């Protein structure tokens, strides 16, 4: 599955640096299906260690649903990583990402099971995905 036809109608290659020390990624081509994010620069698609890439079968159900149905609801939100407590949002459109406290980062529980979405009046909060998002309620109990 490919998304991004508006920017790049056809992608033949995805570029990355030659080694991990230069932030390049190693993907086993024709062996696994991957989720690969990146950027387009001068007509080429690039990815690297700072982008999200994962074997498709390692994504959680919440992440798959997020990619297809939920993450776009957070385009007006900013995710602020929390490296030590206390952590506070500085504006109504921020979600505080606490996975960094446990040093799990991108593979932490919050990253795997929540989506930051915009709610009423521009407020953003974490959505767990168990019920359809209710944009009229702000759930302050989620991480």
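Yeah, the Cβs are placed from backbone N, Cα and C, and that goes for glycine too.
Copied over from TrEMBL, here are the features:
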- 1-75: domain 'NTR' (DOMAIN)
- 77-124: disulfide bond (DISULFID)
- 82-87: disulfide bond (DISULFID)
- 95-116: disulfide bond (DISULFID)
**OP:** Compare the Cα of residue 82 (disulfide bond) against each of the disulfide-bonded residues 95, 116, 124 and report the nearest.
**Re:** 95
**OP:** Between residue 87 (disulfide bond) and residue 124 (disulfide bond), find the distance joining the two CA atoms and give it rounded to the nearest Å.
**Re:** 16
Subject >> Secondary structure composition of the domain 'NTR' (1-75) [DSSP: H/G/I, E/B, coil] >> reply: 20 helix, 14 strand, 41 coil
**OP:** Whole-number Å only: compute the distance from the Cα of residue 77 (disulfide bond) to the Cα of residue 95 (disulfide bond).
**Re:** 7
Subject >> Per-residue pLDDT averaged over the domain 'NTR' (1-75), given as an integer >> reply: 89
**OP:** Quick one: pull the CA-CA distance for residue 116 (disulfide bond) versus residue 124 (disulfide bond), whole Å only.
**Re:** 6
Original post:
If you count Cβ atoms within 10 Å of the Cβ of residue 95 (disulfide bond), leaving out that atom itself, what do you get?
Top reply: 24
Subject >> residue 124 (disulfide bond) and residue 95 (disulfide bond), Cα-Cα, nearest whole angstrom >> reply: 6
